[in-house]
Every structure is written in structure tokens, then in C-alpha cells.
Amino acid sequence: MEEDSQNNSTNTSHLLGSVPAVIADAKNVNASNNQDTFGQQEANNWQGFFSVSSYTQYFNVDTDVVVNRLISSLNPVGDDFFAKIDANPDLYGLIWISTTLVFVLTLLGNLATYLMQKHIDDKTSWNFDVNFVNTAAWSIYGYVIVVPLAYYFFLQYMGSNANLVRFWCLWGYSLTIFILSSFLLLIPFEILRWIIIILTGVASASFVALNLRSFIGNDLSVSIIAAFVLQIALAVFIKVQFFE
């Protein structure tokens, strides 16, 4: 009888002892899930804003997806870009496209200046202007970071559920057409250069403005017009600064 009592006591202790183990496992699972959720959301709050790890998920994009978005950025009246990137926005536009544009403007800007001077004077020699690097870097990086950031804070203030990464993605890809048109700006004829850069600016501005309108509607039409004008201003700046 005592032996049975001891066995029952032992079994009961095992059963009771197993409950904390199950609870501990559940806590570990919940902690893991919470950590994953935090990792996905931390880029949208101030704690994760300055954390590099919070942005790594935005580079986990297949090549074919990036190519598709590049092509979409060249067609301002195509599908809704925000709907296309909604499930998985990326920062390739912000980082790689803007960096590519900086190098392209630096190289082709120097080459265009040389060709234009060579067209006027055959004795002109090649001279690489290093200042083009600083000008391109400050202007392009500053524009593609600050403008979306300003729109993000403005729309947040107006009560809109804006997403900074999606804005960076939109404005980053809007620079794609400037990379392509920069090669056409090598043509040593000023009128053709202006036609090319105006068409480029209108296409890029339409891409940003139309997609911004699909996101915020027509209630804040002034901000949409401002986005259009800013893209045109960027196009004119590129022409005057690098291909004059």
C-alpha cells in the first residue's frame, strides 16, 4: 500500500513537473514569434530606424522581381507600383540605382563636356573634373533620401498611413530612366539634349506623381503637384550641372 502510494506520488510529481516544461516551451515559441514580428516592424519605429539589421529584409528580392520593377518604372501609366511592391518593397532602388546614377553622371558628364568642347575646338584635350563626383553624390543621395523622408513625415502628420520604405522604393526606381537618358545626353547638340532631359523629367515625374496619387488620392493634390515639380527640377539640375 505504501509502495502504491509512493508510485502515485511519483507519477503525480512527474505530471505536475511537466506543466512548467510545456509552459516554458510555449513561452519560447511566443518569444520567437514576437522576435520575428519585431524584426519585420522595427524599421517603422525609431528604435529600428537606425538599425542596419532592420533593413536586411528589404534586400531579399529575386533578380526577376527587381528587373520587373525597373521596367515598370519606365512606364508611368502602367500598373500601380505601390500595389506591385506592397508585399515586398525593396531598397535596391535607393542604394544601387542611385549609386549607379552617381557614377554614370560623373563619367558621362565629363565625357559630354569633352565632346561638346571638342565639337567647338578640335584642340581641346581630355580633362576629368573630380568635382562631378561630389556634386553627383550630394545631389542624388540627398534627393532620393530627403524627399521621400519629407513626404513620409508630412503624410504622417496629415493622418495618412504612410510607409517610408515604400516611398524610398518608389523614388529610388524613379531614377532608372535618368541612367538610360544620360547616355543619350552625350549627343553634342544642345537642343537635342534639352528635349531628351525634358522628356526624361516628365516621364519620371509622371511615374512618381501618378503612383503617389493612387496612394493618397486627390485630397492632397498640392503634394502630388509638388512631387511632379521636384522631379522636373531634378532633371533640369542634371542637365545644367553635368551636361551643359
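Cβ from N, Cα, C; glycine included.
Keep in mind that TrEMBL annotations are predicted by a computer and have not been checked by a curator.
Marked as domain 'Yip1' by TrEMBL: 75-238.
Within its own chain, the transmembrane segment (91-116) has Cβ neighbours under 8 Å at 55, 58-59, 61, 66, 69, 73, 124, 126-129, 132-133, 136-137, 140-141, 144-145, 165, 168-176, 178-179, 182-183, 185-186, 188, 238, 241-244, counting only residues six or more beyond its boundaries. Per TrEMBL, the feature transmembrane segment maps to 91-116 (among others).
Within its own chain, the transmembrane segment (136-155) is flanked in space by residues 94, 98, 101-103, 105-106, 109, 162-164, 167-168, 170-172, 175, 212, 216, 220, 223, 227, 230, 234, 237, 241-242, which lie at least six positions past its ends and keep a Cβ under 8 Å from the stretch. The annotation transmembrane segment is assigned in TrEMBL to 136-155 (among others).
For the transmembrane segment (167-185), the list of distant contacts is 69-70, 72-74, 81-82, 85, 89-95, 97-98, 100-101, 104-105, 108, 112, 140, 143-145, 147-149, 151-152, 193, 196-197, 199-200, 203-204, 207-208, 211-212, 231, 234-235, 238-239, 242-243: same-chain residues at least six beyond its ends, Cβ to Cβ under 8 Å. Taken from TrEMBL, the feature transmembrane segment covers 167-185 (among others).
The annotation transmembrane segment is assigned in TrEMBL to 191-210 (among others).
The transmembrane segment feature in TrEMBL is assigned to 222-242 (among others).
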Outside the transmembrane segment (191-210), six or more residues from its ends: residues with CB under 8 Å to it: 73-77, 81, 170-171, 173-175, 177-178, 181, 184-185, 224-225, 227-232, 234-236, 238-239, 243
For the domain 'Yip1' (75-238), what's the model's average pLDDT? 91
